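Database features (TrEMBL):
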type     : residues               : note
ACT_SITE : Glu156                 : active site
BINDING  : Cys112, His155, His159 : Fe cation binding site
Amino acid sequence: MILMKDIVRDGDPVLRQEAAKVSFPLSEEDQKLADNLMEYLKVSQDPDLCKKYGLRAGVGLAAPQVGASKMMAAVLVPSEEGTKSPFTDVIINPVIISHSVQSGALTEGEGCLSVDKEVPGFVPRHDRITLRYQDTTGETHKVRLKNYPAIVCQHEIDHLHGILFYDHINHDNPYEVDEGTIMFE
Ligand SMILES: [Zn+2]
């Protein structure tokens, strides 16, 4: 099971690398990695287990964050009070094939299991994306996501390209976003 000690922190070069494409059928090692990434998210979202294992709750975890430079990330966005549309899968070789012109950002900014300090500021992203990825069986999916799950996936896909969320924050005006940017929780 992945614990906080297994999560690579900012400053490690693996977080700044371009990850390698994953081939199918998945190797035993890659299947295990996929399972472990998703397991971390599930356990971390259970308040009792999260506390028991000393985890930070997460909705996404990318392979490079556990030191594996591979194009794979787990996403677990549960449906919550009907405000957030759910999206759960291990996304492999994901590509954003199209996106809205409109930007979106979280009112609370973003956090990352690999970044221990809080970095204040809005992180502008695409409000809506069409995502193509393969699941662990190799089946290709094309999904349209908006708002919160779209932001989470963009954050995770960034990890596969060596990008961290704070790279997107406007350093001169951290709370400045383009006109028309949708802000949501
Ligand atoms: Zn992250």
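Count begins at 1; order follows the chain as displayed.
Here the Cβ of each residue, glycine as well, is placed from N, Cα and C on the backbone.
Caution: TrEMBL annotation is automatic and unverified by curators.
The structure, with features from TrEMBL marked on it.
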residue: Cys112; record: Fe cation binding site; Cβ within 10 Å: 24
residue: His155; record: Fe cation binding site; Cβ within 10 Å: 24
residue: Glu156; record: active site; Cβ within 10 Å: 24
residue: His159; record: Fe cation binding site; Cβ within 10 Å: 25
Structural state of His159 (Fe cation binding site), classified by DSSP into three states: helix
Shell list (Fe cation; ref centroid = CB of Cys112, His155, His159; cutoff 8 A): Gly60, Ala62, Gln65, Glu110, Leu113, Ser114, Glu156, Asp158, Leu164, Phe165
